[in-house]
Amino acid sequence: MARPCRVLIVDDSALVRQTLADLLSADPGIEVVGTASDPFVAAKRMEAVVPDVILLDIEMPRMDGLTFLRKIMTQHPLPVVICSSVTEQGAEATFKAMEYGAVEVITKPRLGTKRFLEESSIRICDAVKAAARARLHRLGHRTRDVAPKLTADAMLPGPTNFTRVQTTEKVVVVGASTGGTEALQVFLEAMPPDAPPIAIVQHMPEHFTGAFSRRLDGICRIRVREAEDGDIMARGQALIAPGSSHMLLKRNGSRYTVEVKDGPLVRRHRPSVDVLFRSAARYAGANAVAAILTGMGDDGAAGMKELHDMGAHTIAQDEATCIVFGMPHEAIRLGGVDRVLPLDAIAPAVLKACAGS
């Protein structure tokens, strides 16, 4: 049996440290080896034991988290998960941390409903496990899930020949998780101003997808924004599912639209790639082009197989360029992938598929 993932928690709030320690310690696949109130205390802790993952706050006294992150990545690289506030300032700092090498982001736990606390526990534990795997760039021992995995059946029926829509309009659907923020930037920066409409699910906490969309919008030639319920899918535009909401592709006459709605965690996620992919299989069928990028777990694999079976062109990111080769690996294993490509080749391949060549 593989040893538990060792985690060091660094946060200036004693309450947050204790809450995170309690949530993580409840998972048999995780061991909290220490907590620290600031980076200086953390450095002392690391002299005694080197963790597999550091859970790091950004705003701290004496030394902020970004400075500590830079030091970690230049002196002793380790997987780092950012534990951030949900403020606008916190979101911007989080994306700066991702540029410096952090591999995951979670929101600070807070008191709430039973459902909120249960879902927070799942997301935090999954983020830590994903970060631990990111260092290895390969799939390792898979621990038993602590909560049931619902499938896309929880949100909509599977595709059938009856539901396939006869149309020639192409639409692109993309799913990503760990490492996806940088992968999506590479993918979207390669898109021309008249690119086909794109719908994206990136596993990310609530309140961060808006800032992420604005960041991409400022550097890409296409328009990128957080999706709202009823949005029309348009050429030259990418819609990113809001954190904590599912996004489904729909068809309204001659146009594709998106439905943004609440619902249970599907494949332990909301938004779920499987939900987006299944809806695309139902309403776009062979007119969809799908890409599954870096990420831990299996969200999107079943949905990609459904897209493939309906005649869609499907692409998976290769292991060499993935931060975590989990979601693409599972999609390949299920037989739902037409092509396996390095990250920088995916956008050109998507455009060729949309052009019918």
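Glycine residues also receive a Cβ, built from the backbone N, Cα and C atoms like all the rest.
According to Swiss-Prot, the protein has these features:
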| type | residues | note |
| --- | --- | --- |
| DOMAIN | 6-123 | domain 'Response regulatory' |
| MOD_RES | Asp57 | 4-aspartylphosphate |
| DOMAIN | 165-351 | domain 'CheB-type methylesterase' |
| ACT_SITE | Ser177 | active site |
| ACT_SITE | His203 | active site |
| ACT_SITE | Asp299 | active site |
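Using a 10 angstroms CA-CA radius around Ser177 (active site), the recorded positions that qualify from Asp57, His203, Asp299 are His203, Asp299. On the backbone, the CA of Asp299 (active site) and the CA of Asp57 (4-aspartylphosphate) stand 27 Å apart. Rounded to the nearest whole angstrom, the C-alpha distance between His203 (active site) and Asp57 (4-aspartylphosphate) is 20. When Cβ neighbours within 10 Å are tallied across all protein chains shown, the highest count among the recorded positions Asp57, Asp299 belongs to Asp299. DSSP assigns Asp57 (4-aspartylphosphate) to a strand. Cβ-based neighbour count (10 Å, all protein chains) for His203 (active site) stands at 30.
Ser177 (active site) is surrounded by 29 other CB atoms, counting those within 10 A of its CB over all protein chains shown. When DSSP labels each residue, the domain 'Response regulatory' (6-123) comes out as 56 helix, 26 strand, 36 coil, counted as helix, strand and coil in that order.
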